[in-house]
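Positions annotated as transmembrane segment by TrEMBL: 71-91, 111-131, 138-158, 197-216, 228-246, 279-300. Per TrEMBL, domain 'Major facilitator superfamily (MFS) profile' is recorded for 73-321.
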Amino acid sequence: MSSQSSTRYLPIAKMDNPALSGSSGDVEADCNTVEASLPATCSSQQLMPPSSDTDSVGVQRPATGITRTQWFTVVVLCFVNLINYMDRFTIAGVLTDIQDDFKIGDDDGGLLQTAFVLSYMICAPLFGYLGDRYSRRWIMAIGVLLWSTTTLLGSFMGSYGGFITFRALVGIGEASYSTIAPTIISDLFVHDLRSKMLALFYFAIPVGSGFGYIVGSETARLANDWRWALRVTPILGIFAVVLILLTKEPVRGESEGSQNLEPTSYTEDIKDLVKNHSFMLSTAGFTCVAFVTGALAWWGPKFIYLGVKMQPGNEQLTLNE
């Protein structure tokens, strides 16, 4: 027993004791002899604790614990999310011009966003289902290509009916990305690192919305045509498609140990969500928040415009001035 104990730790002792340097052949033989009875090999590298800079599969990571591939994926997803919301609120930045062009009131102006939200809401569960079973990278790429194309085509519509139809199609494309992208981040990171990366991803929402107001209204002012405001994000969208295809899709459940995953049906997934009271209450609460902030974000620019226009001397003011 004592010889086995000595043999088991001999490689580590050899590291600290130069006197053992000449007996490497004997050490290797002893290790091979007791290999079957040990939980790990007698290699000193195996007996030492794993380095904090190396993950479970031996991939060398930088000091932050995040690989370059992971950083690239997060940056791409954040960029696409930014132009996603930039496109969504470009309409709000030029809403008054759209109403003047199509000769529509506030009810039809609000219906533009309603059509978008309805198609988005209906298609989001569908893309969640597809994202669990097919390539998420390709689904996102096709979705971004769809909303970029429909946004561009919508800018050429001469009637309100055609324009609102393409806005509904934009909702389908954006639903594919917004539903699937967070799952990519969840599969790349765990614990507090996952929360930080998701916070970075969702930080693109207010930033992108703000850019939508600014870029949309400024482009319309410079081109003297609101339709050009809708032709900026499609160009960025095509670039985003290329970036998405350059990313590497992680294995589903990679960060949690994909070997523990079991296939489930769509019905089982829905039942599990309904039984999760925390999820249902959080969803209900966020729905209320989105209802208020969505209405404010959509009508905010026009509300400010009307308030400024009421001031003496501003009666002929346009939204882009």
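Each Cβ is built from the backbone N, Cα and C atoms, and glycine gets one as well.
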For the transmembrane segment (197-216), sequence-distant contacts whose Cβ falls under 8 Å of one of its Cβ atoms, 6 or more beyond its ends
74, 77-79, 81-94, 181-182, 185-186, 188-189, 229-230, 232, 297, 301
Any contact between the transmembrane segment (138-158) and the transmembrane segment (279-300)? By contact I mean 3+ C-beta pairs closer than 8 Å, pairs at least 6 apart along the chain.
no
Do any residues, 6 or more residues outside the transmembrane segment (279-300), come within under 8 Å Cβ-to-Cβ of it, and if so which ones?
89, 92, 95, 110, 113, 117, 209, 273
To what whole number does the mean pLDDT across the domain 'Major facilitator superfamily (MFS) profile' (73-321) round?
89
